[in-house]
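Structure record follows, encoded as structure tokens.
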């Protein structure tokens, strides 16, 4: 069923369609002037959106992955091209990632991902897909679509190859989501089914029009929708209430190929801050959390590692330990002398 995402409304659809057809700077300037470069109301309930450029990426990708001033880092086989950033080429055993260097402290947000997956492989002879991340750790290569296993945060997976044999319940490519507190492993053999929050079929390979994915996190409500039919309409995919994500994590995207391969391209990542009205009761309920979790879904507990001691703290510990040690020796000597003196008196 076609739908408009939450309070996105017609403004974002109109703007995105124009940007997709013409990526020129002049058009972007006209759009900004037309909107007054200010916040846009995107629906009822006094919800406004603000584009956060420090967490966004679009053409011409100037400075991406180069120098300490870049907001985005490349990893592995990822390459900056003129029209896209290629995470992995259509070659075997490749791995690449793109990570934002700035931690995100937004309370409510929306990430729009413009991507393309294509290659020479025929049916079920391509892989493996890509992932979009909001995690505590960044730039950590691993087996989960090019990222580390047992991650802490949110992972959204566009899985293009079914690993599980006798798979009849779902059609691939398939989008799924997972929240992890660092205790869970992604089950490749079962395509992540034991730990997924939900999912949907998404036919996204070798399409001749733009494909989009949106991840929306508002009032601890996670919504994932897609625009993959060339109709500029959002379709429901995943909706999960009670998702608790800490602030200060990093956005990124990654991909991996094995014996099978595909081109995995990212055209743009656009993060919007959403300002949402909350009642006093909601303010109390929506306090910051320190580990990701999902209501009504028990995750194995993990013991948070103790933070490393600073130099000053270590000095204080050593100093006071020495003071206590010397004090104990002095007290021991005094008690020993008194004991010897009493022993001599008894002897005489």
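Keep in mind that glycine also has a Cβ here, set from the backbone N, Cα and C atoms.
Since the structure is predicted, the reported quantities are computational estimates derived from the model, not experimental observations.
The record from Swiss-Prot ties 159, 161, 163 to Ca(2+), and of the options 187, 191, 210 it ties 191 to that site too. Here Swiss-Prot has 128, 161, 162, 163, 188, 258, 259, 260 binding carbohydrate, and the candidate from 70, 93, 176, 293 in that same listed site is 93. DSSP assigns residue 93 (carbohydrate binding site) to coil, not to a helix or a strand.
With residue 191 (Ca(2+) binding site) as the anchor, the candidate recorded positions are 161, 181, 237, 260, and the one with the nearest CA is 161.
If you draw a 10 Å sphere around the CB of residue 200 (disulfide bond), it holds 16 other CB atoms from the protein chains shown. Each residue contributes its Cα atom, and for residue 93 (carbohydrate binding site) and residue 181 (N-linked glycosylation site) these two points are 28 Å apart. For residue 258 (carbohydrate binding site), the nearest neighbour among the recorded positions 159, 200, 237, judged by Cα separation, is 159.
Sequence-distant contacts of residue 260 (carbohydrate binding site), defined by Cβ-Cβ distance under 8 angstroms and a gap of at least six in the same chain, are 92, 121, 125, 126, 127, 128, 161.
Considering only the recorded positions 181, 200, 237, residue 163 (carbohydrate binding site) has 200 as its nearest partner by CA-CA distance.
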